[in-house]
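These notes concern the structure reproduced below.
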Amino acid sequence: MTRLQRLFRIAWVFCRYRLDTFLPLSELPTPLKIFFLLAPWHLFPQPKLSRGDRLRLALEELGPVFVKFGQILSTRRDLLPDDMAESLKQLQDRVPPFPSEQARGIIEKSLGAPVSELFAEFSPDPMASASVAQVHAATLPNGQKVVVKVLRPGIEKVIRQDLGLMYLMAGLLEKYWSEGKRLHPVEVVADYDSTIHDELDLQREAANASQLRRNFENSPLIYIPFIDWDYTRKSVLVMERIHGIPIADVPALEKAGVNMRVLAEKGVEIFFTQVFRDSFFHADMHPGNIFVDVSNPADPKYIAIDFGIVGTLAPDDQSYLARNLLAFFRRDYRQVAQLHIQSGWVPPETRVNEFEAAIRTVCEPIFERPLKDISFGHFLLRLFQTARRFNMEVQPQLVLLQKTLLNVEGLGRQLYPDLDLWSTAQPFLEDWMRKRIGPSGLIKSLQNHLPSWLEQSPEMPQLVHDALLQIRSSGPTEAQNRATLALMKEQQLRSERRWRRGFIALVLAGAALVGSQPHAGQWLADLPVWSWALLAGAAGVMLRGSR
């Protein structure tokens, strides 16, 4: 299908479901007004469905690329009204499987050998089929039971074509719709572009799975299947076959005698462990991707699959998020506002008092509920919606995190309705903050950064000299040069004094921490030579800088 044919197909579906009623025709420029007035809307009576259901059915009819886009939009309640977001949550990826002969051809081309040589057994009937790939059961020559994920043929071309049209429509909305500049539709499509292209590379998914498996090796919380890298390529992924009960099958879990409270609390612990310990989290934890190992019903274990979408948080984002959540539950709305400004999530010129008042208006009603009924995910959602009114830039990593948290909460309360997320999460957050900003955190930071500082310190005089020469040659008057040089020297001296004081404070904190340990003397004697060398080098830099 050509791009023009596809565009007409999209327009036809829009007409069929009367999506014209969503558009602010009065705000459109004259050419677009004429187009919409001449379009054959009158041939289609308005369906007796809610606007959310009409949008959902239209996206399903347009195919897998639009379905996936709708699924992502369902988590963006800062962009869509609640009723439409709820309807989009029901979107189903209804894609028929492609013939097994095609799957075999892709496997043989990718792995360079016949399927009969690669596998002792290969099921021609797919276990599951989705928009991007389908999965077959197989057995390796060594007897290992595996699943083989095969990329759908031609999917890259389909995605490229539909994304081009999405960018076109988003660009028109951003240019001609009054809300377009605030909601950044082009940015939304760009985020989706990045997400869906990540899913097209099965080697990337395999790498994500390997990282998560390493992070949770021997963990009692969750099991990640191993990847067979000898059989994995960009279009083919071979992974250990797992056995468990789907987490959404609550009757089966109850019949197996699973402790539902423990299972729900483990889900919360898994989420916070990924976000704050590892800064690497499975960002597609919907019920279809989670199973439960019930071999020990009193202490059940999660099993995760489908690692195409993962999220990461920078250390600063981790810190601001943890401090935001802790400040929220202390009802310290001023700190919440200040943290948003300090993090750069909202512009620095934002008025703290106004922002604090807006946050209070949103958050106070939440505290009228029992703690067990407070939703972290909806808190973040309402907070981001409020921040958008103050020109908060879209933070893709936080959008992924909020979506994942909503999934985790939904699962947890489906399993155990009285789940109190705060009592489960608070100790984790407070412990993480103590480790990050306490003496041990300072010493760890010093250990990580001191070698780099020592390596760069010999270059500092030359850098300062070069900067001064550049100022001298830039053309100001001699008096201006002298004033600038004097100011720079004073700033340099102040910086050196602060650096020395900070270093001394770190050493004293480290000494206090070491001194509090049993057998401190023996511990110091056992320190490796390189540790003493680093400390001696740092002291030398201090003495040299103090002259």
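Here the Cβ of each residue, glycine as well, is placed from N, Cα and C on the backbone.
ATP binds Met127, Ala128, Ser129, Ala130, Ser131, Val132, Ala133, Gln134, Val135 as Swiss-Prot records it, and from the list Lys109, Lys149 the residue named for this site is Lys149.
Of the listed segments 166-186, 502-522, Swiss-Prot assigns transmembrane segment to 502-522. Residue pairs drawn from Met127, Ala128, Ser129, Ala130, Ser131, Val132, Ala133, Gln134, Val135, Lys149, the listed ATP binders, are separated by up to 14 Å at the Cα level. If you count neighbouring Cβ atoms within 10 Å for each of the binding-site residues Ser129, Ser131, the highest count belongs to Ser131. With the fewest other Cβ atoms inside 10 Å of its Cβ, the least crowded of the binding-site residues Ala133, Val135 in this structure is Val135. When the alpha carbons of Ser129 (ATP binding site) and Asp284 (active site, proton acceptor) are compared, the span between them is 17 angstrom. For the domain 'Protein kinase' (121-501), the model's pLDDT averages out at 81.
Listed in sequence order, the residues Pro97, Pro126, Val150, Arg152 complete the 8 Å Cβ shell around the ATP site centroid, once Met127, Ala128, Ser129, Ala130, Ser131, Val132, Ala133, Gln134, Val135, Lys149 themselves are left out.
Reported as a whole number, the C-alpha separation between Ala133 (ATP binding site) and Asp284 (active site, proton acceptor) equals 16 Å. The secondary structure of Val135 (ATP binding site), as reduced to three states from DSSP, is extended strand.
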